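Report on one structure; see the data block that follows.
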């Protein structure tokens, strides 16, 4: 049985891998030195040399023998604590003692000469004017920058690009589908062109204010998140001029040596995922190089007592921390559990096993931990290795962890049995404790909080309908039909959450309490921010069954977005899907271009693929 092209959280096409043993070292970018830092370095060196002259130069008038205490590090083949002046000091003995003493004296003489030379250089430096010193500092800075650029251009090891299918489609046979596909492409052009005009280089766009926008997940820098995130959609839709514009900006402007604190998770899925997807689609080496440069900047986030990464890391200093609201400083399951696919591909492309080892360590640690009722809590403390609050959800905080387990198995050509087992175990516990039917017959996925089920389902959890369908093939005890049906039931529930609003767009979350079903109750849950999860489930169910209702539902969502979210400067989320005159939030999310518009397109190949399940297996 075949499977469709894999689409990770950010809708990326990631081909299956067959990893061999890594054999190439990775390269770390050199940090730029600021002018103040170099001045401080020169002064510190001068002071150190002055004091060194007092403490290291011998008193020739008394001809004292002094001990540098360097025998243990400079001279090999020594015995410990034998005739030592102080415990732990290594002394040389035996027939080679005289030769070693001569070596020791040679080292002392070299140190004296180096210190005298350094003192003379420092004296000469102090005789120079401020302008001369600044000019020398600038010369050193330019030298460091040039060395860094040379290092960045060092080619990565060549690896074969797996053959991808389904990205070069012609026109669908149906004229109706062709028109709908062109409409989605026009919507993509509208979103991209306005970002190009009003927000170019910024992370996102404010389409009503017509200016750039960013949030704390990207830090304080302008990293062009929309550009990187949208590359694969542009390529797949055949918008190659726009793709090349994005590539040019990345070549000239995308710099990760910035003093900026970013979300490890968001930067991984949007930037590393976006760059790797663009590389696999186009073969352009710059995307691979930039992905590796960024990944190296994320590695310090793993420097915790447990190896569970921090949620945030400063790209320049490497200092990490967690969100203040996350259960007493815990890391989040959906964040540290959504690195696997990108990091495995990084090891494949670079030959450096460090990325693979980091994510496999996370998996091994999780396997050893006890799980309440077989469920994975959303919070894990990276210092203690203990669970935080016992809160489990398939929506926000947990969602993509389960998705990546399944797709790790698929990406390995179904050889990563460990990932498949973890997925199956987790899904069985989720079905037992979280998946329920409402009084009206709607299947929903609730949230487990401290031993109780909260009958609320988030928009983010709606991706699970597609995940259940994707994981049906290969499920235990030949339950493929069961999981395909479960996926269809979730798709139906999420469609109802759209259909029961004034705008025919779904709220951020919805309840199943009493007479209220698939409807948001709190005002803070009534917004729609151009999310893709419901449409993603339609896309999977359409590809697996070719049941026309999923394509119809996707088109309904497209029309609603076009009618209520489109503004002259792009597309905006809305604050209340139950109001017939909605207020816009004035944000065009990068994932709208990367995911929503890609998955909403009715069909991207000229000849539709056959359904992956026979009609008699349809729910």
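Backbone N, Cα and C define each Cβ position, glycine as well.
Note: TrEMBL annotation is automatic and uncurated.
Residues annotated as transmembrane segment in TrEMBL: 37-57.
Feature annotation from TrEMBL assigns compositional bias 'Basic and acidic residues' to 145-155.
Among the features that TrEMBL reports, region 'Disordered' is placed at 145-176.
Every protein chain shown contributes to the tally, and the Cβ of residue 266 (active site, proton donor) ends up with 21 other Cβ atoms within 10 Å. Marked as active site, proton donor by TrEMBL: 266 (among others).
Residues near residue 399 (active site) in space but far in sequence (CB under 8 A, at least 6 apart, same chain), listed by position: 334, 393, 460, 461, 463, 464. Under the heading active site, TrEMBL lists 399 (among others).
Here TrEMBL flags 462-494 as disulfide bond. Neighbours of residue 494 (disulfide bond), defined as other CB atoms within 10 A of its CB across all chains, total 28.
Residues annotated as active site, proton donor in TrEMBL: 508 (among others). The Cβ neighbour count for residue 508 (active site, proton donor), using a 10 Å radius and every protein chain shown, is 20.
Listed in sequence order, 459, 460, 461, 462, 463, 494 are the same-chain residues six or more apart from residue 533 (active site) with CB atoms under 8 A from its CB. According to TrEMBL, the feature active site maps to 533 (among others).
Residue 462 (disulfide bond) counts 31 other C-beta atoms within 10 Å of its own C-beta, drawing on all protein chains shown. The separation of residue 266 (active site, proton donor) from residue 508 (active site, proton donor), Cα to Cα, is 19 Å.
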